[in-house]
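First up is the structure itself, then whatever we jot down about it.
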């Protein structure tokens, strides 16, 4: 009787455990990780929501490049909503607490949003490459840009479709640490390739990493390197030399610098995590805990940086951010924000007047 009672108490205790890992049970470690993900979630969601609002609410901001930036912001919002909360909670608890229906849906949406962001960066780089290399040819239209964006979503959706097909709730003793989780109705959400062979699953995972990071990085490296060589080493073919065209060329250069910064941040944020995923089989579990969360957090934090880059390096986005902030009642009373907004608005009006005068002077006068 006593033995049965002891076994029952032990089983009850196992079911109440959040996870068997002593590191993940440490309150300071949990607090640090949850704080990191909470900051990423708030900053990324607010920043990218501002970007979406600025582009959609302001007709002058509805350019081809900004349409791509809008799509990039939407992808980052999805990453923020789907990757950060679900992944962080399930990893810290070491089981999937959200039910069987959400398991494949969330896993597919996570992969989709990451691929959309990567492919959108590629689309922007190709657009800039064509503008610089063939400046006399007409730019792609806004309608054609929407077709490209739709194609990005379609290709990304097809690419990650197997991840949804093979994602299910499973019990893995190597991850959960004990088979008692199965009896306690605690599972992990993961891709299960036992029906087709685990070697095919490993191959698909490597192909995904190649398509999500390696190929986009190579394309971005080629396009922006070529653009840099043309801008800083040669005069752009067909580029006029009057002040109006020089100002336009300067604006192009600023936009390209901004997008190069976005690409560099993307590469820096995702490279360590992808390297970790390649060598994860050769890393012990105790070390993996300390490596995974900082590097996964770095990759997820990529969604935070783009709005900051836009605000810092683009006057229109910066003014748009300030206008949105001024529309918030509690911030409207802040004199410093109000003064900055007035200064930037005045500068923008002065620039428009100068540009109008230059265009007027460049027009031929009638005899």
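Including glycine, each Cβ sits where the backbone N, Cα and C put it.
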What range among 259-279, 322-342, 343-363 does Swiss-Prot record as transmembrane segment? 259-279
On the question of membrane sidedness, does Swiss-Prot record residue 189 and residue 139 within identically named topological domains? no
Position flagged as N-linked glycosylation site [Swiss-Prot], chosen from 8, 251: 8
So, does the transmembrane segment (144-164) come close enough to the transmembrane segment (213-233) to give 3+ Cβ pairs below 8 Å, pairs being at least 6 apart in sequence? no
Return the average pLDDT for the topological domain 'Extracellular' (165-212) as a whole number. 74
What is the total of other Cβ atoms whose distance to the Cβ of residue 107 (N-linked glycosylation site) is within 10 Å? 23
Name the range, of those listed as 36-56, 67-87, 259-279, that has the largest tally of Cβ pairs under 8 Å with the transmembrane segment (144-164). 67-87
Grab the same-chain neighbours of the topological domain 'Cytoplasmic' (57-66) for me: Cβ-Cβ under 8 Å, and only residues 6 or more beyond its ends, written as numbers and ranges. 124, 127-128, 139-142, 145, 255, 316, 320
Which residue counts does DSSP give the topological domain 'Cytoplasmic' (57-66) for helix, strand and coil? 7 helix, 0 strand, 3 coil
